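Per TrEMBL, the features are as follows:
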- 126-135: compositional bias 'Basic residues' (COMPBIAS)
- 136-157: compositional bias 'Basic and acidic residues' (COMPBIAS)
- 158-168: compositional bias 'Basic residues' (COMPBIAS)
- 11-95: domain 'Retrotransposon gag' (DOMAIN)
- 126-168: region 'Disordered' (REGION)
Amino acid sequence: MGLEDKQALCAFPMSLMGNSSRWYYNLDPSKNKVWNELVELFMDQFIFNTTIDVTLGDLKTTKQGFNETFSKYMMRWKNKVSMMVNRPNEKDQISMIIMNLLPAYNKRLLSLPINYFADLCDCGKKKKERKKKEKKKGEIEEKRKEKGNENKDENQKRQGKNGRRGGE
């Protein structure tokens, strides 16, 4: 005795998590009115999860891209590891992640005792915040230098005008 189509349509979103939940709630509302059509759309979207076999070697070579933020890299990592049947333990995953981060993150995180994903994410966010502050500080100093050069140029112009008047 299964659910009727209307019941299945109501219950389906409650069974979803992560990417599948985001997919469902971003779906055009007209697409989730007929159960069989929704099932087809879901299968088309997520069938790859059952056909891709992620290995430990795949994880060990999953490196952070040059222009990839820490957060995006972590999401990509978590998506990849979620497709594994036999996942490494959390500590081993954290070690692999740190080794594959860009040097700006890697150098700092290697020296810290990180045992949980939450700690790793906190450290990554703090590093990102420090990087933003340093960038902002650099921009402020650059503006000060520009402002100083503008003032210097104005003073030189004034002195030049005053010098010409005195010599006339």
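Along the chain as shown, the residues are counted starting at 1.
The backbone N, Cα and C atoms fix where each Cβ goes, and this holds for glycine too.
All TrEMBL annotations are machine predictions without curation.
Looking just at the domain 'Retrotransposon gag' (11-95), the mean pLDDT is 85. DSSP assignment over the domain 'Retrotransposon gag' (11-95) gives 58 helix, 0 strand, 27 coil.
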